[in-house]
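First comes the structure, then the notes that go with it.
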Amino acid sequence: MDPNMSRPPDYSLPPYDDEDLHTPTGYSPAAVRLLTSEEHYDPHPHTYVPPSSPSQDQIPIQTSPTRPASSNSPSASVSPSPSKSTPSPLNPPVEIPPPLFASQTDLNMSSEAGERAFRPEPGQQDNTQANIHNQQEQPSPNPPSYSRSVAESQSLLPNTPVHGGSAAKLQNRNRNSVHVAFADLPTDLPEIPEGISERRRVHKEHQHLGLEANPTVPPRPVSRLKNPNSHDHVPSIRSPRNLNYQPSVRSSRSGSIFDDAPSLGPPGGGSYMSYDTREYGSPQRPWTPSSRMSDFTRSDLSRPPPNHDMYEPSDLNGSPRPGTPSSRYGGSPRRPLPPAPLFHGSRQAVPPFADDATVSIPLHDPMDDDVFGPESDLSDARPHPVDRSSYMSAESQDTLNEGDPDDYDKFEHYGPAPSGAQERRGVRAPQMARKEVQLINGELVLECKIPTILYSFLPRRGEVEFTHMRYTAVTCDPDDFVERGYTLRQTFGKTVRETELFICVTMYNEDEIGFTRTMHAVMKNISHFCSRTRSRTWGETGWQKIVVCIVSDGREKIHPRTLDALAAMGVYQHGIAKNFVNNRAVQAHVYEYTTQVSLDSDLKFKGAEKGIVPCQMIFCLKEKNQRKLNSHRWFFNAFGQALNPNVCILLDVGTRPSGTSLYHLWKAFDTDSNVAGACGEIKAMKGKYGRNLLNPLVASQNFEYKMSNILDKPLESVFGYITVLPGALSAYRYHALQNDETGHGPLSQYFKGETLHGQHADVFTANMYLAEDRILCWELVAKRNERWVLKYVKGCTGETDVPDTVPEFISQRRRWLNGAFFAAVYSLVHFKQIWFTDHTFARKILLHVEFLYQFIQLMFTFFSLANFYLTFYFVAGGLTDPKIDPFGHNIATVIFHILRYSCVLLISTQFILSLGNRPQGSRKLYLASMIIYSIIMMYTTFATFYIIIRQLTSKDDDIKMGDNVFTNMIVSILSTIGMYFIMSMLYLDPWHMITSSAQYFILLPSYICTLQVYAFCNTHDVTWGTKGDNVMKTDLGGAVGKGETVELEMPSEQLDIDSGYDEALRNLRDRLEVPEPPPSDSQLQEDYYKSVRTYLVLTWMIGNGILGMAVSEIYSARGIGDNYYLRFLLWSVAALAVFRAVGSTTFAILNVINMIIEGRVRLTLKAPRWFGGVKDRVSDKMSSVSSNLRN
């Protein structure tokens, strides 16, 4: 097979030689005949079989013998034979020019063969004729067995040019030939008969009758030769079509005789696939020359319809264009151009000429053969191509290397890029339609189908909870949710289930990363519940006992990408929520769905193949921003009351609990019925490879969190009262939270801060509600006639983001410090409530011991500013002694005085910044103050270690327990820093001592001074972003209109104007008193808070100032060994550290005992029988010991 024919040609459009009138032209197998080209006649005729159909009058045509013309003869004469009757199959055949090859009787010849046969070189003319004669003598392997119509016979008329003559195209004498440039014609050219042709007559009749816009052409009569292999006449499946052609100016080539040639199909192995454009007027590829005849029996030989085609120029640099691969299939060498790109804004095709003669387009630049140049009529048809290769074909590496790389930058193949935001392809705006919906108990409740894509990969589809999302528009307060008849899916129908665990996730404006981090961790914890197949509570269907509730504080505050994440899980759908129902404002939008997929923090779907089980979800989107306390009221009073769960877990968006944290948290309630609340360990998120610890602020918080979970939480858990259960990871027993019959209880006190107004809200209560997670702790332990305790669960851990910038860190600690301080004051003032509880006497004694410890801690917190200054004053001032000065020349004295006055000025600056500036507006000043505090702390630490080392290495002083320096310094340091190391090793978690301890001790003065000062100076700020008065007033009316005119109401009569003036004069004369409006509740509340803030700051500042000045003046002239206040301070710190260490050690021992007891009970069950009753007695004894320890 010819390698050039490995694929079909890239052009497949009809030839260009005629329009609706088909004039036969030429006989060249190359399908080309120039009007002015010279060709030689082949004197060897071949036999022609005439048509056999006698139905119509046909004109048999014979070729007259030709004679060679002299060089002076301009052309050869051609004369038609006289008209005769229609020949029968028995008549002698008519001679016609022979085909090129005997084997190509199907007329499917290549252009190369045609050129060699009909345009020989002058020196090879004789040889060519000889070769043709030899080929004629050979028998044809496939004799012609097909019939041909008269029109086809006319297309085979031979021209008889003489050497030096020119071939001429037959023209209709009645047609205007203004567009055709004729050559000199011979005198004996055949003439077309007078009158209109049969084809033209039928065409005009159709136009006259108005049958169709493009009339069809009746099939020509055909004559058949008897062929046993051929079938009967098969109707054509291709509708008759007319041709339109691109207008041009001049032509030097004739049409092709192979327009009607039968097709043998393109060679196999082609991979070409065309494409169509979406715009009218773009070139299409519905027809190829090879598709003109599907078989030899077709009678439908009409032309294809007009396509507004565009072709290559007829000439190539002034010479006829050579043949192309399509010549083998009867195509034209003048190739149609490929279609324009899909989105190219090409104009409509230019209407064709009425003339049937097509001519070429002149090229002004002989080096430029591009018809789409700037001077062409087709310049706007499509973008400028880089080269002549098709857009559908890929360029070879050689072509890419040879081409100019700048050409690709000069031309835009697809036009300019669209500006502005573009809609995604295939995405449309939602089509809204009005529907009548039946209200349920007067409320709007909708069951909405989930998206098709989500439904397609769900493993479970049997229940409505998997296939439909339920939307409820809640128009009432959360306290009235159940009373107004609102229900959840877990309370009706087939999905009625008992809820064991109710998880609340509160969020404000967090992005999708924080939300998916928390939600994916929760779903993995639910999978762990279902994996405990041996549990009596959980198992494969354990997910049916867990409900996750997401409460978002404000519809306009939620992050849009978080909504997208919820929509991807099937929980949320856009366009369903409504603002009001029957003129009642919607307070919250509740979405319910049981999702089976999860999104991790990388926003990748995780499903059942990753162990994810179904999760019952409730998404409550509050209409307004009403603070986190209101979100908890929706959770506890609305949804909790409807579900009545056993345990409620509170999480914040951004917190990532570990894989088994929620199970350990629930297990604490399951094993001890007296536990009302529990919490886990909060860890700072360190980032990949702990890179977040490079930030000193993050490292110091990591150390603080670790030591709190090692020393403080275990100590308080031993006593049974944890001062704060962090809202980021805590759990409560729902039954313990309920109010008593009089309406008083933990929840009523907890939500009291949401309804405080005016002076009735004292500043202590208001600040206490800033740390709302401390409220429930005290109310649960002090609940009347109950013995609830709080527990710390070491096995429950959760990572959370910590502030990494100074302003965010200060703002967070302001709420924490004020809430902790005022909550401690509140619990100490109301400690008598413990006496009315049902706790055991031992538990009450332990609780009073804890109150004493909290009181001491509170006193140290209140005077922490003075204690820091005095510690620095005495320790750093100890180096001013000339005997101890490590630098000599009184350099230590100079450094001490500089740092001393810097410390005093810095503390004063902190008050000024805290009273009048936000941390976000004074970022640099706060950062500078923290750096100076760090320098002071580093010098104080250096002085401490220098004094200790000098004391140990001094030969004059003996080291003994009664020595003041040894007692005050060494014992104090070992009882703090040393205890930190010992307890960290005991809990097998010492790494924070290596990575974060130095940062914490350096930033310790900033914790004491910067954070404490800012917190006390902003006790009046108890708002959580409450909206101001942003409602437009309407009491004065308005001016409404369009354009330059408006409509308004105003006095129109002169009497009204005079009356108003008279009233104004009378008021001035009578001196009427104008009543002053009373101050608003918000103004009274703000004034009250600020006044309390002033009294509190003055009290705190004066107390610390008096303590610092008095102690520094009394002991300024004495040494460290004789400073009794410093001795008291250091020993108090050591005592508190030891107390915390003892409590933490007790907690660790009790945990080990519980583990041993549980293990021993399991072992005794497997003890051999010869133990007798000893086994049972040991088990009972250990169980009683365990119960006593827990109570």
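Glycine residues also receive a Cβ, built from the backbone N, Cα and C atoms like all the rest.
As given in Swiss-Prot:
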REGION    1-172  region 'Disordered'
COMPBIAS  36-45  compositional bias 'Basic and acidic residues'
COMPBIAS  54-88  compositional bias 'Low complexity'
COMPBIAS  89-100  compositional bias 'Pro residues'
COMPBIAS  102-111  compositional bias 'Polar residues'
COMPBIAS  124-133  compositional bias 'Polar residues'
COMPBIAS  146-158  compositional bias 'Polar residues'
REGION    202-407  region 'Disordered'
COMPBIAS  239-255  compositional bias 'Polar residues'
COMPBIAS  285-294  compositional bias 'Polar residues'
COMPBIAS  390-400  compositional bias 'Polar residues'
TRANSMEM  816-836  transmembrane segment
TRANSMEM  855-875  transmembrane segment
TRANSMEM  893-913  transmembrane segment
TRANSMEM  929-949  transmembrane segment
TRANSMEM  968-988  transmembrane segment
TRANSMEM  997-1017  transmembrane segment
TRANSMEM  1095-1115  transmembrane segment
TRANSMEM  1129-1149  transmembrane segment
Seg_contact(the transmembrane segment (968-988), the transmembrane segment (1095-1115)) with at least 3 CB pairs under 8 angstroms, min sep 6: no
Contact check, the transmembrane segment (816-836) vs the transmembrane segment (893-913), 3+ Cβ pairs under 8 Å, seq sep 6+: no
Cβ-Cβ under 8 Å with the transmembrane segment (855-875): same-chain residues at least 6 beyond its ends: 821, 824-825, 828, 899-900, 903-904, 907, 936, 940, 943-944, 947, 1005, 1008-1009, 1012-1013, 1100, 1103-1105, 1107-1108, 1111-1112, 1115, 1120, 1123, 1125-1126, 1129, 1132, 1136
Outside the transmembrane segment (929-949), six or more residues from its ends: residues with CB under 8 Å to it: 806, 871-872, 875-876, 878-879, 884, 886, 895, 899, 902-903, 906, 909-910, 913, 965, 969-970, 973, 1001-1006, 1009-1010, 1120
